[in-house]
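Colleague: Could you have a look at this structure, given as structure tokens, before my questions?
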Number of protein chains: 2
Amino acid sequence: MVIRYPNGQNYKPASVKKSRKNNNVIFGNRGMSLEEELNQSNTYYLHREIAVVHKKPIPIQLVQVDYPKRSAAVIKEAYFKQASTTDYNGVYHGYYIDFEAKETRSKTSFPLNNFHEHQVEHMKACVRQGGICFTIIKFCATQELFLLPVATLLKYWDNQGHGRKSIPKKVIATTGFPIIYHVQPLVPYLACVDKLIENLHTTKGVSHE
Amino acid sequence: MVIRYPNGQNYKPASVKKSRKNNNVIFGNRGMSLEEELNQSNTYYLHREIAVVHKKPIPIQLVQVDYPKRSAAVIKEAYFKQASTTDYNGVYHGYYIDFEAKETRSKTSFPLNNFHEHQVEHMKACVRQGGICFTIIKFCATQELFLLPVATLLKYWDNQGHGRKSIPKKVIATTGFPIIYHVQPLVPYLACVDKLIENLHTTKGVSHE
């Protein structure tokens, strides 16, 4: 059976995504999707009482649900709905954090068609409310991870009509923060969030517990 | 076909929930569930750029998904999973807010079995991170709404072994804040959240933008 993502793209098991060109580099996390890596990291942060961040469930439109006697309800017909928000949100040191996690096979840039309009609108709305928004981008070919602040995304997003439809990797590396795979947690992205919070204070003079 | 909630309870259409004893009282929102009322209010808050609060989708365990040619993916077998968090969260004036919405037919108290252990644990974790947590309780018989701060819930929850398994309505009315149905938004709960934020500042001396 061919398995596909809700958007119709073919599902490729994570192992297939490994770059075969970098066999000389060893990474402990090989074979895990970015989502699995982040879920594991969020569980670590939760148990250590460092932050409370969860991935939101996939939105589903229920059509038919059966209730067999003495057993659990079974969904017999349902459809995937497009999410109206980003995938991850939560609270860290009193701050609301909100982000998307995206993988790309591109080696030189991050294509903007990885985002939906409503996800970007959601991020803009969160920023207006003082939330901390960003994207975690994984370049699968090199297994490189970056935390990209929302400002860079919005700059390229809003300029799509006039220019390129992707963010160059160079720009991501300079305006974003590299996340180096670690053991506990596997993806220590909150260290980068600390920097975003520092910048927030420097630029706005916000005092916050 | 008998329709049931994921927890096995029978589904009663909202109209059935109306109190027949209060026919002399007119409420514009009659027939709407608390969830619908809150979704409508959150949409208002979102469009007016007052807050970004969303209800999380119901978590589902997918088992079988079909991909008919030229049409959308169809979920053919799936099961409801128990949520590991509360239903609503978002950002308001830089604060992380997180809450559950519960309806009860009881006239004198709010039964604690409306909550699952993990929901309460989630609220405790959010509070430790500086989030603002509460429950919106609707007494269906009288169509009364209260915002109950998390402190009261935790006090009764943690004391269940030694005492009563519900929170008296009197306690909810004195430690919580009544929410009066309005037009725009229908459930103006953020006015009560403002009071929670004020209290936070008074007791902790927190400075926050």
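Cβ coordinates are placed from backbone N, Cα and C, and glycine is handled just like the others.
Sharing the features that TrEMBL gives for it:
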type	residues	note
BINDING	A:T85, A:D87, A:E100, A:Q119	Mg(2+) binding site
SITE	A:K102	site 'Transition state stabilizer'
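On this model, are these features tucked inside or out on the surface, and what's nearby?
Modeller: Under DSSP, A:E100 (Mg(2+) binding site) is assigned to a strand (E or B) in the three-state scheme.
In sequence order, A:L34, A:F110, A:N114, A:F115, A:T135, A:I136, A:I137, A:K138 are the residues of the chain that are 6 or more apart from A:K102 (site 'Transition state stabilizer') and have a CB within less than 8 Å of its CB.
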Colleague: Using a Cβ cut-off of under 8 Å to chain B, which of the recorded positions A:T85, A:E100, A:K102, A:Q119 qualify?
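Modeller: From A:T85, A:E100, A:K102, A:Q119, the ones near chain B are A:T85.
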Colleague: What's the most sparsely packed of the binding-site residues A:D87, A:E100, counting other C-beta atoms within 10 A?
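Modeller: Each of the binding-site residues A:D87, A:E100 was scored by Cβ atoms within 10 Å; lowest is A:D87.
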Colleague: Can you tell which of A:T85, A:Q119 has the most other C-beta atoms within 10 Å, given these are the binding-site residues?
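Modeller: Of A:T85, A:Q119, the one with the most crowded Cβ is A:T85.
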